[in-house]
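> Annotations per TrEMBL:
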type     : residues : note
TRANSMEM : 15-33    : transmembrane segment
TRANSMEM : 100-122  : transmembrane segment
TRANSMEM : 154-174  : transmembrane segment
TRANSMEM : 186-219  : transmembrane segment
TRANSMEM : 240-263  : transmembrane segment
DOMAIN   : 292-355  : domain 'MIR'
DOMAIN   : 366-423  : domain 'MIR'
DOMAIN   : 427-487  : domain 'MIR'
TRANSMEM : 571-593  : transmembrane segment
TRANSMEM : 605-625  : transmembrane segment
TRANSMEM : 637-659  : transmembrane segment
Amino acid sequence: MLASLTPPITLKLELDVLLLGVTFLGLLTRLGGIQFPKAAVFDEVYYGQLVSLYVKQIFFIDESGPPLGHMVLALGAYLGGFDGNFAWNRIGAEYPSNVPVWNLRVIPALAGALCVPLGYLLVVELGYSHHTAFVASLLLLMENSLIVQSRFMLLESVLIFFLLLAMVSYLRFYKAPQWLVSSAGWAWLVLSGFACGSAVGVKYMGLFTYLLLLGLASVHMWQLIGDRNLSTVRSGAGRLLALVLIPVLLYLGFFYVHLTLLYRSGPHDQMMSSAFQASLEGGLARITQGQPLEVAYGSQVTLRSLSSKPVPCWLHSHKANYPIRYENGRGSSHQQQVTCYPFKDVNNWWIIKDPGRQNLGVSSPPRPVRHGDIVQLLHGMTSRFLNTHDVAAPISPHSQEVSGYIDFNVSMPLQNLWKVDIANRESERDIWKTILSEVRLVHVNTSAVLKLSGASLPDWGFRQLEVVGEKIYKGYQQSALWNVEEHRYGRTEEQKEREVELQSPTQTDVSRNLSFMARFMELQWKMLTVKSEDSEHKYSSSPLEWITMDTNIAYWLHPSNNAQIHLIGNLVTWVLANIALAGYGLLTLIYLLRRRRKIEDIPEGMCLLAGIVCAGGWAVNYLPFFMMEKTLFLYHYLPALTFQILIIPILLEFFFFFLSSGINFSVKLFLVYHIFSPITYGYPELSSDQLSGLRWRESWDILLRKR
């Protein structure tokens, strides 16, 4: 009896056959046979090196982008059991059996395959028909350049996947009635924020699409202000949380994982500060970790310049004097050279001396050096005092020469007093700390600051870097800041014993660690400011060449049978995309003029939203390259091309809508005349409903009367 009263359970299942079809075809074209060729293809050589470093957990810096993309590739290598042992030294190098080719390429291939259905969904969410979306997905499916780029261990397909996912997810959220947004609706917004953060985490170019989406969301939020059916504060807070806070936390999280995985010393250590290097296992950490923390009178130290331009270096001197006269005829002091040397050397050691005492050893207990103290710096191996005076520097004559003082019994007195200025101190009497303190050394007599000029000395200076006394010093300059890297407490007064001591390993007493945020900020700054030297590449191209596809890239050449793989686009798609972009711009202008004349027969979202997402997506992924000075290739255009391709079917439906909107041809002629005629002849405006109801004879009568 009770069973008969139980309401039946209804299960509704909807399948989009077109979406399933293009998804299958996308997987087939991107994943099929990705192990061919079993050799390094173009930039696989570059990304493979980074993957090997990830597998071996060795620290590196990649100036080209954040770490997520590299970690995604490394994940495939890890799942395939790759041990990181492959040279990655040339394009076309055959992969041995220990390199899991399928695993290295499967994640980019999978991302490229999913871009096809995401293109379908994006067109649907923009308000166009499933048939239009199907055409869009077919165009993406058959685009040669997208297929090639997604079948190898490269990152463009991963970036495009996250860009499309961000747009689709946000539009899914936006199209839901705002007062009926459920937890599922908010989940779409969170997914959009996740995709935005991931796109920026793959490549910095993802930032521009992220900003476009933020701008779109801001406009939508502005339109909702005042809606009584909606909690504006709750809606705004939700958007702020999902589209701002989540991407920022994700970005930080990617670097946290990156720095946690790469804990071993590596080839890029020299670009980082002493404190950062000391936080890594091996390398400098074996020397610096546990050194005395406080610099004292009698300390033996090496002073590293905080500037890494042109290369990291240490304050240095040696038994060679400046030439009496330079090549241009200028004279010098002929005193001992002081330079900045880009290699660790026993001649990098200096002793911090109290000017009022002759003792060169550390007292017990040690007397720390504080901010504002006056010190002398004695070169450990030659016993010359660091000196500067009013003599022009060898390469930078506007600055003072810095030397190791030699008494030649001439009227050139010793000027070797330096004031310690701790730039990052927390108090006015802060102690000079090993590695942590950023110190300016200010000359007492002339107020000049010890600074790395960055210029290279001639052969007489062994091509080492010039150090000068800069009298005109303004603001924060890394080239004028130094930090103690290696540090020991000196125990001996005798020169010969000290020379032996300086060549022995440093002692360890106190350990210290660097916080994640400090390491993140330093690494981020290096990635944004330290640029590798870009050389002209035979396959490099300019952004103007991308539009016309007047370029390509040879990815791989078979060593024996001349089989080749090139990155080249589908010419038909490329031409149609350019025509569609220009046509869409023209139709948008006509649409705006029609709106100005109160003709509202075309839905607003059908034109403007598609233009913002597709044309805007093309613009933000293409135009910034005109301001970049890096070496560019055709594959940089692929994210912009993806959005541009979507305009082709959208424009076709736009035309179809216009031609089948119930307005006959004569009325359309009247509309064109009505839009562009500068004179109205006093006749009232006609609404879109009135225009749609006009018969051809009526429309011609109106047109003839206006004539």
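From the backbone N, Cα and C atoms, a Cβ is placed for every residue, glycine too.
Could you place these features in context, so I can see how deep they sit and what lies close by?
Cβ atoms under 8 Å from those of the transmembrane segment (100-122) belong to residues 18-19, 22-23, 25-27, 29-31, 34-35, 38, 44, 48, 51, 72-73, 75-77, 79-82, 133-134, 136-137, 140-141, 146-147, 149-155, 157-158, 160-161, 164-165, 167-168, 171, 613, 642, 645-646 of the same chain, restricted to positions at least 6 beyond its ends.
Packing against the transmembrane segment (154-174) from elsewhere in the chain are residues 30, 42-44, 47, 65, 69, 72-73, 107-109, 111-112, 114-115, 118-119, 121-122, 125-126, 146, 181, 185-186, 188-189, 191-192, 195-196, 198-199, 202-203, 205-206, 209-210, 213, 216-217, 220, 243, 613, 617, 621, 635, 638-639, 642: each is 6 or more residues past its ends and has a CB under 8 Å from a CB in it.
Sequence-remote contacts of a segment are chain residues at least 6 beyond its ends whose Cβ falls under 8 Å from one of its Cβ atoms, and for the transmembrane segment (186-219) they are 64-69, 72, 155, 158-159, 162-163, 165-167, 169-170, 172-174, 176, 238-239, 241-251, 254, 612-613, 616-617, 620-621, 624, 636, 639.
Long-range contacts of the transmembrane segment (240-263) within its own chain (CB-CB distance under 8 A, at least 6 residues past either end) are made by residues 53-54, 57-60, 66-68, 71, 170, 186, 189-190, 192-194, 196-198, 200-201, 210, 213-214, 217, 280-281, 516, 519-520, 523-524.
Counting residues 6+ beyond its ends, the transmembrane segment (605-625) has Cβ neighbours under 8 Å at 122, 126-128, 163, 167, 171, 205, 208-209, 211-212, 216, 543, 546, 581, 584-585, 587-588, 591, 632, 636-637, 639-644, 646-647, 650, 654, 657 in the same chain.
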> Sort the residues of the domain 'MIR' (366-423) into helix, strand and coil with DSSP and give the three counts.
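Helix/strand/coil tally for the domain 'MIR' (366-423): 0 helix, 26 strand, 32 coil.
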> Could you tell me how many residues in the domain 'MIR' (427-487) are helical, how many are strand and how many are coil under DSSP?
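DSSP composition of the domain 'MIR' (427-487): 6 helix, 27 strand, 28 coil.
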> Counting each residue once, how many in the domain 'MIR' (292-355) are helix, strand and coil under DSSP?
3 helix, 30 strand, 31 coil
